[in-house]
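Enquirer: Here it is, the structure, as structure tokens.
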Amino acid sequence: MAPSFDHLRDEDLDEEDFDMDEVDISDLREKYEVQLEQGYDTFVVVDGLPEVNADQKPKLVKFLLKKLNSVGRVSEDSVYMPMGDNGLSLRFAFVEYSSPAEAAAAVRQLDFTPLDKKHTLRVNKMTDVDRYGREGRIEEEYTAPKIEEFQEKEHLRSFMADPSERGRDQFVMFRGETVGVFWNNEKDQPENIVDRQQWTETFVQWSPQGTYLTSVHAQGVLLWGGASWARLRRFPHPFVNLVAFSPNEKYMVTWSNRPISIPDSGHPALSLDDDGKNYVIWDLETSKPLRSFAQQDTPATGDDAAKKSAKFPWPAFKWSADDKYVARLNQGTSISVYELPKMNLMDKTAIKIEGVMDFEWAPATPRRDGVKTYEQLFCFWTPEIGSNPARVGLMSIPSKQIVRSLNLFSVSDVKLHWQSDSAYICVKVDRHSKSKKSQATTLEIFRVKEKGVPVEVVDTIKDTVINFAWEPKGDRFVIITTPEPVGAVAVAPKTSVAFFCPEKAKGNAIGNFKHLRTLDKKNSNAIYWSPKGRFVVVAAIANTQSSDLDFFDVDFEGEKPEGEKDLTANLQLMNTSEHYGMTDIEWDPSGRYVATWASSWKHVMENGYHLYDFRGELLREEAIEKFKQWSWRPRPATLLTKEEQKQIRKNLREYSRVFEQEDADRISSADVAVVEARRRLLLEWVTWRESMEEELVEDRAALGLPEDPVAELLRQKTAAITPAAGEEQEEQVVEEIMEEVLEESEEIVN
């Protein structure tokens, strides 16, 4: 039992013998000591203010507070505006925010903000002013800056000028620890451009227009390009995992699963405001960070949310087609749209959409009928909440106007699929029965360019759609369906591949979407359209039962079946191939070639690649140990006008004759070169053989041996069997026995 007060001795209560200094409370002091803020992290300096007198000063401060409070909390007492000896202000002010994060936000969002028509605010951190403006840092006398001589830089689009004048495309291969960039030579060995060891630590990635090659390292991201493949940009984001570019290569977002930790010594690019963040958005031109964000916890929504493992959303930040906006989903509550390049939240608030699950920007700037003002569109969907139906909506930015919405019922899941020109968006709706034991899919197709954005419903699909793909720059699409529920099973279920296209209509109108044809009992699970349209590959990816590739032409020039003459497609299976262990497929940007490969990242069996032409003919295959990645280099958009492109298509047959002749000449010259090389090698061998024979004759003569040993042996053997002169040759009798069958019969005895 613990001692009570009554059990204490008198000496235990004697305060005179008690010495406070003998008690060690350092651990308690360290744990509970209040940390007083030190330094000027919460202060900013605002320059560019108008010159006012003492009477005008309060009005200016109140007017300035409207700007300052847009990014944080500032009171009137937190603004100090020094006055000069002449009674007028010095045109700047010191402002104290409630936290360093608010001060950093003020610098980021208010710098270069116009106060009125004549004055523009310049906002800087007090710590920066102290660091760079400290005594001794600034010289008293002005020294003109040294202007370096102009040095011409390499053209970053030089890859568009193929030195062979054959219009070849480039690709990158990552195998083992080596990364190489090559010219595609069809059936021949690829022509190596550059090959480097340890070029990346995880993977490589092209920018959307092919200008940069991205390498990923523990210290951050590097961009490479130009004819010499020099390092062009550096983005220090520690332990970066993923990278995504804006469509026009103006910005980039990096993500790391580890929050950023800024050391006491500082960071070369990031600040304390970025500490604890996972995402960083960068300006590619300046290589500077625009803003950073922390990882979001995905909220649970719906009855089955707890049962389903949450998938990591990537890309978490999605770009508008013109790079003017980037948006982020706050699942279940809102969508935050930021204006670039300042990364200000549009209208200073997120767009509230109750229950929102996903959204997708239009991939091209839309041109809706009757709408002449600038806009970008994104499509979003919300699930059924209580008695409210699920909803799909099209929102215009920056007006935030809902231009079209659609209510849906009995919804299990929704996927959004934009067509490349933003002419359509297909909303793939997985619906469940009342018992929730079976599922079926309907396709809700929004015709975005038509007046009023009409919606066409394709509800003839009885099974669940597991894959959907629009034809690029076209209006046909392919789906893959399965009657069985999709899940982790030992044997993948059989699938069906269905083709859809519009029916013919008068003028330039697009008819209703009709079913073209279905191919049953397939193992396919992936669809890959040519970037130029018309040709499509349907394949079985990462399937242990099958590795088939089917090459289709939807504009076959042969005769159409009678029942399909009113449709805008003519389907033809051109070829079927197989690549065992195939994990990935990618078309080249010209739509002429298809690469398939088996990556060691997914398995280690028969790693390597196959190269096909658009018809499905195998051009080249190569097994490479530890083969990891293949990626075609993208091309920027063409500079030709539509009329120029139309004229080229019109004269394509004439160009084709020239190209075919050039190909034939190249093959012929290659054959001639091979024959000449072989003839040269044969001549060298014959010359060497003759010289060896001459040396051998000389050596035999020196040793007293016959010049031709074979002839000497024959002479000796002939002499041994030939009788000497005057001797009679003994007669020899040769008997020959011959057997002839006159008749043959067969008898069977029981």
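For all residues, glycine too, the Cβ spot is worked out from N, Cα and C.
Below, the features straight out of Swiss-Prot:
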DOMAIN    42-128  domain 'RRM'
REPEAT    195-234  repeat 'WD 1'
REPEAT    236-292  repeat 'WD 2'
REPEAT    309-348  repeat 'WD 3'
REPEAT    519-562  repeat 'WD 4'
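Mind mapping these onto the model and telling me what they sit next to?
Expert: Same-chain residues lying 6 or more positions outside the repeat 'WD 1' (195-234) and placing a CB less than 8 Å from one of its CB atoms are 153-159, 170, 172, 174, 177-181, 240-241, 243, 245-249, 252, 254, 284, 287, 589, 628-629, 631-637.
Averaged across the repeat 'WD 2' (236-292), the predicted model reaches a pLDDT of 93.
Helix, strand and coil residue tallies for the repeat 'WD 4' (519-562), in that order: 1 helix, 20 strand, 23 coil [DSSP].
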Enquirer: According to DSSP, how is the repeat 'WD 1' (195-234) divided among helix, strand and coil residues?
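Expert: The counts are 0 helix, 22 strand, 18 coil.
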